[in-house]
Amino acid sequence: LAASAERAGAIVLGTPATPAIARLRLDTRGLGEEGYLIRSVVVDGRPLTAIVGGGERGVLYAAFRFLRLLQTGQAPAPLALRDAPRVKLRVLDHWDNLDGVVERGYAGASLWGWQKLPDYIGPRYTDYARANASIGINGAVLNNVNAEAVSLTAAYLDKTAALAAALRPYGIRVYLSARFSAPIEIGGLRSADPLDPAVQRWWRVKADEIYARIPDFGGFLVKANSEGQPGPQDYGRSHADGANMLADALAPHGGVVMWRAFVYAHQQPDDRAKQAYGEFVPLDGKFRDNVVVQVKNGAIDFQPREPFHPLFGAMPKTPLMLEFQITKEYLGFATHLVYLGTLYQETLQADTRRGKRATVARVVEGAVDGHALSGIAGVANIGADRNWCGSIFDQANWYAFGRLAWDPQGDAQAIAEDWVRMTFGNDPALVAPVVGMMMASHEAAVDYMTPLGLHHLMGRGHHYGPAPWDAGSARPDWDPVYYHRADRNGIGFDRSATGSNAVAQYAPPLARRFGDVRTVPEDYLLWFHHVPWDHRMASGRPLWEELIGRYDHGVAEVARMRATWSGLAPYVDAQRYRQVADFLAIQQREAQWWRDASIAYWQQVSGRALPPGTAPPPHPLAYYQSLSFPYAPGNPK
């Protein structure tokens, strides 16, 4: 590396203000703070590599990009790269509680040592920041969306400021989840009404207090009036009223509010999938300029597969921040190899049909509606485990999230290949089969868990394993039977015009496609329709046989993944090879469990015989129903 261009082969880094860079007279217009150039240049007959960022963060991102090219053996000659993020806010949401427990976390305790802060800054904070910077992530929400008001007290703000100082050199801004009732719980007020001047004043003072400690504080993430959390509706106010009050407090400091759209009412709805649309679409255009509405990729809750959330095609006047889940709450925790890059890409490339090239990616980028504020959030899968994520392959999901948050139009397979090369090496005998495993893994998990558009079939509370029979929760829409509605005649949730009419929340061309059993994609068939068991599928098989075939395919695919991995021992160190092999064995056993328990239940409900040649479940349904897992991980309750 060099700060000048005096030696042949030098690598010169800097911004346009760096003298050695300025003398190269490169076109750096439009790079912004985070964009960059990587160029092969010749100065006075000497070949040089110029790594130029529009700002300091751009230099950082460019350096990591250059290292990636070298490590993967993909550096072109000559170098002529120009890149900038398509999304402004690229944020990890940590569902970490102040006691160290991570909600839906499968990688050990929280990374944040709150009891040792602010006095001790562990080296992993720097490692964490550097890893995030290497994939373009520029923000971190430090605490759970089910927030505790104490996180906003002076003592905890001092701790947060210490973390902010550790992350700042790598371009990471910190955010906090704000509990809406904090003015009551730690402020001594009688109300948290967003239209109450005393409440507004309390939040302004609190924002001033935060920014005095953390001048580059990012802002607040808010979960309100959802799953028991307090919010503006407690006072007869709207989500916009609540978000705007906080936005006004943050605006003088440049902060933003990320207001989550994951809401469903206390009253039982006709279809939970319709709730967020019903609450937020009437508020389109009523939010402050520094508010983004944060919307999950699907309308239920991070299911193995969901159609894209209809809000992405319905709020043109409001910036929408896409929320993915990186931690695998519904996809096998830390032991199932499920590459989520394909799930993310499926959502991002979905066409909302709200105009020309109105994909979810372009809506989120702000390109469709001209929004300057844009964002993508990912619920982190990071903990104190030595390997960060609970398993080696779950690191790939953190990596893929960062890459696709930077460029939502990126390619999941190319990202997987980069990760494999940097994680295991560049030998083609390893790269091709491992990428193949990863690219097939999500479809396999969907098939052995929730095929053909089924959803929400997991165990209650901990969300571990199959429980399609589960009923009797405090709310019917917490139960699998609410979603699959299987009976003697058929299976699936009717969201067509003859059912809940959730299809009407999509643009008319999609509403027609999803609403017709003849044209709906089979991957979403049982999401949108209650279908007779004898319904003829594209394969020519009746639905009953197709459903069983999908379960069998998912299990068989995991067996193929195990077989592939078993041949890769010469290319992987013994420790990592053994862990992946052991986890694949767990995955195969649990995939078989999902298949057997589900088929046993569907057979009882439908009264149908298994197709000829189908292996029957090895146990009666009562056995699967008797299984109990009171200490399954990730469930703090």
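Just so it is clear, glycine is given a Cβ too, placed from its N, Cα and C backbone atoms.
What TrEMBL annotates here:
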type	residues	note
DOMAIN	6-66	domain 'Alpha glucuronidase N-terminal'
DOMAIN	70-388	domain 'Glycosyl hydrolase family 67 catalytic'
ACT_SITE	Glu227	active site, proton donor
ACT_SITE	Asp301	active site, proton acceptor
ACT_SITE	Glu329	active site, proton acceptor
DOMAIN	389-612	domain 'Glycosyl hydrolase family 67 C-terminal'
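This view paints the features noted in TrEMBL onto the structure.
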{"residue": "Glu227", "record": "active site, proton donor", "CB count, 10 Å": "12"}
{"residue": "Asp301", "record": "active site, proton acceptor", "CB count, 10 Å": "17"}
{"residue": "Glu329", "record": "active site, proton acceptor", "CB count, 10 Å": "24"}
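When the Cα atoms are compared, Asp301 (active site, proton acceptor) and Glu329 (active site, proton acceptor) turn out to be 10 Å apart. DSSP assigns Asp301 (active site, proton acceptor) to coil, not to a helix or a strand. Each residue contributes its Cα atom, and for the residue listed as 'active site, proton donor' and Glu329 (active site, proton acceptor) these two points are 17 Å apart. Sorting each residue of the domain 'Alpha glucuronidase N-terminal' (6-66) by its DSSP state yields 15 helix, 20 strand, 26 coil. In three-state terms derived from DSSP, Glu329 (active site, proton acceptor) belongs to neither a helical nor a strand segment and is classed as coil.
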